[in-house]
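As written in Swiss-Prot, here are the features:
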- D10, K32, 59-68, T122, R184, Q193, 213-214: substrate binding site (BINDING)
- K61: active site, proton donor (ACT_SITE)
Amino acid sequence: MHTPFIVALDFPSKHDVQQFLRPFSGTPLFVKVGMELYYQEGPAIIAMFKEQGHAVFLDLKLHDIPNTVKQAMKGLARLGVDLVNVHAAGGRRMMEAAIEGLDAGTPSGAARPRCIAVTQLTSTDERMLHEELWISQPLEETVSHYAALAQASGMDGVVCSANEATLIKERCGASFLAVTPGIRFADDSVHDQVRVVTPRKARALGADYIVIGRSITRAADPLAAYSRLQHEWNGGETE
Ligand SMILES: O=C(O)c1cc(=O)[nH]c(=O)n1[C@@H]1O[C@H](COP(=O)(O)O)[C@@H](O)[C@H]1O
């Protein structure tokens with residue numbers, strides 16, 4: 001099993017990432033490669049992380065017609081990543097197609113990458129949901145509904161705020177993964193996130209994995225920030 005700490009490597013280039021990772025040398029991490037880095041560096045950056053022994057979450061949040069998602073996932077499975085994602089808003093058939101593509105692209109003998117669905121972005125609040133997206137249900141119920149739809153479509157779990165993890169576990173069962181971004185230390189800036197939770201609270205609420213970017217990557221001492229994350233996840237207080 002991988003470490004529960006997924007570090008979001010939101011950097012513009014391989015050079016910047018290498019500089020950030022230098023103090024961690026020798027520590028196998030669970031890294032997240034998102035649009036910013038992948039669109040610049042492509043599959044080679046995934047191969048580099050795998051060679052260095054890191055687990056990889058390739059976060060491209062696919063959301064398109066079923067056939068396009070299926071064919072794209074076939075290619076992503078060949079990269080040997082551990083985790084990928086889609087937007088649950090793409091609907092049941094799209095999510096089923098994502099799994100079909102992953103099954104078809106996974107090399108024989110290898111494990112299929114796990115696939116999770118974004119319920120509602122952690123930058124979304126209740127007002128946005130109603131006034132901009134025109135979703136009339138309460139946010140928590142919407143997240144819970146999307147999680148149930150994702151599960152019925154064959155997903156391995158969801159991306160949600162840790163605030164919703166308990167609800168999702170009650171509805172979908174303990175083994176359905178809750179991967180939770182929007183993680184902040186109590187004294188951190190929230191930036192563009194809205195539904196934020198501390199590492200310690202995220203664990204108490206039932207998160208399986210926490211995704212954390214700027215609180216580590218922009219910290220004055222990233223290694224110390226990563227240690228603080230482990231400490232707080234394990235129930236420790238920070239002065
Ligand atoms: O799918 C994601 O990883 C994701 C979903 C979501 O709802 N919210 C969210 O913040 N993320 C990602 O998680 C990371 C959070 O980064 P920080 O806000 O810097 O900790 C970013 O790379 C986002 O793209």
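Placed from the backbone N, Cα and C atoms, the Cβ positions cover glycine too.
Note that this is a predicted model, so its numbers are computed, not measured.
Structural mapping of features recorded in Swiss-Prot.
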residue	record	DSSP class
D10	substrate binding site	coil
L60	substrate binding site	strand
P66	substrate binding site	helix
T122	substrate binding site	coil
G213	substrate binding site	coil
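Checked against ligand 1, the binding-site residues D10, L60, H63, T122 give D10, T122 as the ones with a Cβ under 6 Å from it, listed in sequence order. The Cβ of P66 (substrate binding site) lies under 8 Å from the Cβ of R93, M94, E96, A97, each of which sits 6+ residues away along the same chain. K61 (active site, proton donor) is surrounded by 15 other CB atoms, counting those within 10 A of its CB over all protein chains shown. Distance from the CA of T122 (substrate binding site) to the CA of the residue listed as 'active site, proton donor' is 14 Å. A C-beta separation below 8 Å, combined with a sequence spacing of at least six in one chain, links D10 (substrate binding site) to G34, E36, L37, G213, R214, T217.
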